[in-house]
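Inspection log for the structure reproduced underneath, given as structure tokens.
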Amino acid sequence: MDIAIHHPWIRRPFFPFHSPSRLFDQFFGEHLLESDLFPASTSLSPFYLRPPSFLRAPSWIDTGLSEVRLEKDRFSVNLDVKHFSPEELKVKVLGDVIEVHGKHEERQDEHGFISREFHRKYRIPADVDPLTITSSLSSDGVLTMNGPRKQASGPERTIPITREEKPAVTAAPKK
């Protein structure tokens, strides 16, 4: 018995879901663009593919991103956690690593039900004392963790260079 194999990128006229990639285009828990509400255009080509998500408007690329900064006097990490309340977040330091965990159980939003969970780890630089790491959550949902960098012991000083009259190498090279 022969079995027909249907490739998802080939348009099938009687299949009601003409854009198989739309399931993977869902940004779960995020707001929708107008183009997300319309079926994918098959009038251009039967092989039309939706543009990749990284080509979306810049407002879409701020979700879940983190930024690690090592400045002259401090180390800081900024993490977008706008979908989590302070009670749903945990920040802890284990050795030289900051661990961030966020989890919220299933709840209803405007698109249906959603649950989220993430784990992030950040290595603390050697010149930052793990005991000095602090964290705060801004009103727009950015979690900031930072700590001061240790300053070099003592002030900076210039070392003078003296000139000697005798050579550094006293033995003649062997032949």
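Our numbering is plain: 1 for the first residue shown, then up by one each step along the chain.
Including glycine, each Cβ sits where the backbone N, Cα and C put it.
Among the ranges 28-64, 139-175, the stretch that Swiss-Prot annotates as region 'Disordered' is 139-175.
According to DSSP, His83 (Zn(2+) 1 binding site) sits in a coil region rather than a helix or strand. Highest local Cβ density among the recorded positions His83, Lys92, His111, His119, Lys166 belongs to His83, counted as other Cβ atoms within 10 Å over all protein chains shown. Only residues 6 or more beyond the boundaries of the region 'Disordered' (139-175), in the same chain, are considered here, and those with a CB under 8 A from a CB of the stretch are 70-84, 89, 91, 98, 100, 122, 124-125, 127-130, 132-133. Taking the Cα of Lys166 (N6-acetyllysine) as the reference point, the closest of the binding-site residues His83, His111, His119 is His119.
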